[in-house]
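*Asks:* Take this structure, written in structure tokens, and hold onto it; I'll ask about it next.
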Amino acid sequence: MEITEEALNNERLQAAARLKAFMMKNSTKTNLNLYDHLLRLLTKVMDERPENAVDVIEDMSRELKGSILQEKQDTLRDSPSSSAALLLAEQQKALFTRAAGDEGDHEEDLVESPLPNVAELAFFFEQAGVGLGREEMHRVFLALKQLVDSQCLLRCRFWGKIFGTHSNYLVAEGEYREGEGEEEEGTETHEDEEREEEPREDKDETELVEAADPPPKSTYKPPPPVPKEENHIGVNKYTYFVCHEPGMPWVRLPLVTPAQITVARQIRRFFTGRLDAPVVSYPPFPGNEANYLRAQIARISAGTHVSPLGFYQFGEDEGEDDGLRDSYEENPNFEGIHVNEMAESLNLWVHHVQHILTQGRCVWVNVTKKSADDVDEDAEDEERGEESDEPEPEVGPPLLTPLSEDAKINDTLPWCAMISSNLIPQFSIAVLRSNLWPGSYAYASGRKFGNIYIGWGMKYIGEAYTPTILPPPQNEYPSGPEITEALDPSVEEEQALKAALEEQTAALEETEDLEEDEEEDD
């Protein structure tokens, strides 16, 4: 019996199919099959084309099998989650990288640098039991170095830390060089113009209603707005930057206005940690949380930033009164005060930040002063003898005022002074704690001193907080004869009115008849 060529081909195809089916069987250990593995291996050899393929085929097979198994295992393992600590560590990793020019720094360069000595500040406050810990303070120092490198700051220091319900604020106080860091103004004028133009769309419809029944006009005149102090002056003398954690980008806070400081004194609110969060309060706060944070920083700085007596002095060339001085200079002849004396007497501590007046400014300004146009309009009133009552200028305590003159709040002393340690008095420091702003501390040791604030940004008021009462409702429309509702007349009054009207009509008819008779006679 002869075997045909077609039968041989069919037999070869069946043998190849059986061989492929055998190679397609999955392994009981790795869930792989030989056919797919050889196909991937040959594809890898053709792509890479190694010189000695027969020598490295075993290694390539092992690597290929390992990569496939790793992918299979990844599907069974829990995917690693990026925790908040890991993300923060990645952001703070940039703080520890050395810049290109840092290797050649000398001690002379460090003295002239605007960077503060945060390590020294942390060391002294650590003796008083205050601070953020050595590790965090070191990261704060690196973050301040990053801020100084990105901003043209003349001076920079670590102001403190303010807690929030969601996240905290690290605050840095900086001072720009003259002519730098000026804020762009006039951003609010466009919004005000749009708000004024919005009601003009329905002006034609409302004119018809007002012509028929004009609404009452309010006689209330809002007080003139108090202008804010410019850069490098008063409450805006320094510029403040905040960030949530070291390594995160610094955000510059806006300038503070007198209206924001005035309202901040009347409300109490915790910070959320979001600068764009609205401040819902009464009286309404003019701004968001960034403005409220800036107002609280200004209040805390004005009330708690102190220094030893004699460390600062006024310049000799200034001929102004002490109450009008707004600048001072460091005393090169200051030798320091003994620690025990600093802890016993508050007269040896002074305020070196200007006091914020009730107006919300450090320098009082007369907002009732009229311009030249207003003076011409009111010239007639002045001729009649009507003199406007100008307010008296407000004057606060001058710079470098001792702390002993600070007022109490409900018999609570504003300050508490103490020594860091009685065991080793030769190494102790004088520590000052504010009772009005819990979280504010100061230290003094020889010729060195420092201030820091770590708290919630809330002032001690000595009693339960009572929100501001709403104003009384506006008076009703003024009563007049044209709108006053008349009383119903009695029967006798109706009859008398009817008789009077009949007499009046009869008299009119008689006069008309007489006029007609005279015309006929003519």
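Each residue's number is its place along the chain shown, starting with 1.
Just so it is clear, glycine is given a Cβ too, placed from its N, Cα and C backbone atoms.
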*Asks:* Taking 88-118, 460-490, 491-521 as the choices, which stretch does TrEMBL tie to coiled coil?
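*Replies:* Range annotated as coiled coil by TrEMBL: 491-521.
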*Asks:* To what whole number does the mean pLDDT across the coiled coil (491-521) round?
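*Replies:* Mean pLDDT, the coiled coil (491-521): 87.
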*Asks:* Cβ under 8 Å to the coiled coil (491-521), counting only same-chain residues 6 or more beyond its ends: which ones?
*Replies:* none
